[in-house]
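K.L.:
Got these off Swiss-Prot a minute ago, pasting:
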type: DOMAIN; residues: 68-353; note: domain 'tr-type G'
type: BINDING; residues: 77-84, 141-145, 195-198; note: GTP binding site
Amino acid sequence: MLTNLRIFAMSHQTIPSVCINNICCYKIRASLKRLKPHVPLGRNCSSLPGLIGNDIKSLHSIINPPIAKIRNIGIMAHIDAGKTTTTERILYYSGYTRSLGDVDDGDTVTDFMAQERERGITIQSAAVTFDWKGYRVNLIDTPGHVDFTLEVERCLRVLDGAVAVFDASAGVEAQTLTVWRQADKHNIPRICFLNKMDKTGASFKYAVESIREKLKAKPLLLQLPIGEAKTFKGVVDVVTKEKLLWNCNSNDGKDFERKPLLEMNDPELLKETTEARNALIEQVADLDDEFADLVLEEFSENFDLLPAEKLQTAIHRVTLAQTAVPVLCGSALKNKGIQPLLDAVTMYLPSPEECNCEFLQWYKDDLCALAFKVLHDKQRGPLVFMRIYSGTIKPQLAIHNINGNCTERISRLLLPFADQHVEIPSLTAGNIALTVGLKHTATGDTIVSSKSSALAAARRAEREGEKKHRQNSEAERLVLAGVEIPEPVFFCTIEPPSVSKQPDLEHALKCLQREDPSLKVRLDPDSGQTVLCGMGELHIEIIHDRIKREYGLEAYLGPLQVAYRETILNSVRATDTLDRTLGDKRHLVTVEVEARPTETTSVMPVIEYAESIHEGLLKVSQEAIENGIYSACLQGPLLGSPIQDVAITLHSLTIHPGTSTTMISACVSRCVQKALKKADKQVLEPLMNLEVTVARDYLSPVLADLAQRRGNIQEIQTRQDNKVVIGFVPLAEIMGYSTVLRTLTSGSATFALELSTNQAMNPQDQNTLLNRRSGLT
């Protein structure tokens, strides 16, 4: 059963026998005895969690540790802050790899896609399971590039805690703000790691201040650096008043010593640490009443007598309450500060049972899991990553997919180790599992044990909602909590190398869409071409590359275009009648609709009904009407772009007996399109938040270039020796900007983009765009 275990290098001779009742466990033990050393991807990997060294614990404790000992964490940050390098060091010190991976060398564990290894960036979030000092840690490394924001959203949805990694020389950067807001949305406790303390320009004080000012967070300084930039050699543990120094002659950072600070050896450092500890105690006491009472009653006269364990427990409570964030520092590349970071993860971040998942009360002890990622494996088929919130998952278990309203069977259950997977007999609540055999499950789907279990949960949620005067829709949302998919901002056509390869291209795109819901694929009704819609230039480029590498198709991409949207400016009415006879059956529909602009932003049309219609409307007819409205709003009258910020009201509807739902949809769609054409129309263009970090000498040419791109500069900040330009710029004007910026600044500047909103174009720019699209200019 455990053929995949052969990837782990172990000595089978020293594994003692274990009494295991389950027949599956006997198979696992037998497989362990047959293991042969094998090195995947040129790396030395250690054993399955719990099989550290020559000892093997009970199999249940290896696979399913106590829930209090589980930590589901993610690593999040701005691009190039050092997330993947930090992850590699974590895996190495936890005993899960036997050599240090390097992003520049392309041999990291969590960057397992070919494009990731080549580009040195993380595209997909890879889940890794390892042990640290008796704790089970499920860790997800996430991308920092704005084009892959969905990957961050996807993993944050299933995490209990997170490590935010910062470049100590840059502090809070643009994408850091984005992922921090996402973590706020999901109420995820965080700890901060100030990385790259060895880098020229690194400033602990500046980085901490940027967390306080830009993130509006209260930093708890648990460590102080010993030196900065080239002089950085270790950290001081403020809580225990100890210094941690790494051996300069050690190549891997495992060799470090922890010494108590003494007056005779480090008087200045001891004084600074004592002041920092006293400030920390006061700060935590202000945030935690229980700790404040303890300090006032027993340690008010001398904070030095306060035990470190009491302070650590209080910091844990404050972190869970999200009233402050612990701050640590180090250098992942130089192998300093990672072991204390791991200690902080187990000490301060929550276990699954400490997280308040309100929807769990509807399921009690039944299975409830969320599919948060889908991958396609050529041998195994679809691989679905799941976060188990309650119950147990086993191989051959039949499960019910609430979103897809279908029942499937899990054929195999795996423990994820980046792109290496180990087969296991069961997984319980709090864990992250990898399942094989689910062919219809997609990202964001809620998985339960059966349809009856889902109905029972819905009834409990509805009853509770009535007690709290909630709408049914909110109770339903609690049961079907999923992953929010952002709207794409770029699109281009894609064609196969030949007509005979069209089915292969469609299969590849279908698989990629299941893996990445932010990728949208549609058929252009006018040209019949397949259109790819994505989150950015890099996103589309990566998809194109994957089609070539993974599916062997040399597909051709059309020019990249901006995904504009359209809206209307006034209220209009329209009527339409569809009268058609097919065979001996007459289909007759008469519709009157009103289209008007909405006051709030709404990507999907808001659908309303006149009272006289809604009362007697059949459900199938209502679905047909809404399908017709949605279809009409997919293509606006100006550019053929989707319509947004519009409300459609159905004022009258006459349906002849025997009329099919297809004819109802067609009539409603045609009527809505007629109304949209009559209205005053407006093109909306994507407006991006832009942050450019540039040396002072190159500031003027950068500002001049942005002015030509219709940029709106909000402010110019000073960051160390650089200037940071913050503003807005239309997406259409920023295509290919990286090449221009490199030329203007001799390659010294960096920039970050994030979608802000869709703004109305001015009449002149709109006319220019329409003329260009129609071929007049």
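Note that the numbers count up from 1, one per residue, in the order the chain is shown.
Just so it is clear, glycine is given a Cβ too, placed from its N, Cα and C backbone atoms.
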K.L.:
Fewest other C-beta atoms within 10 angstroms of its own C-beta: which of the binding-site residues Ala77, Asp80, Lys83, Met197 fits that?
P.N.:
Asp80
K.L.:
For the domain 'tr-type G' (68-353), would you mind checking the mean pLDDT of the predicted model?
P.N.:
85
K.L.:
Tell me the coarse DSSP state (helix, strand, coil) of Lys83 (GTP binding site).
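P.N.:
It is helical.
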K.L.:
Any idea what DSSP makes of Ala77 (GTP binding site), helix, strand or coil?
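P.N.:
Reduced to three states, the DSSP call for Ala77 (GTP binding site) is strand.
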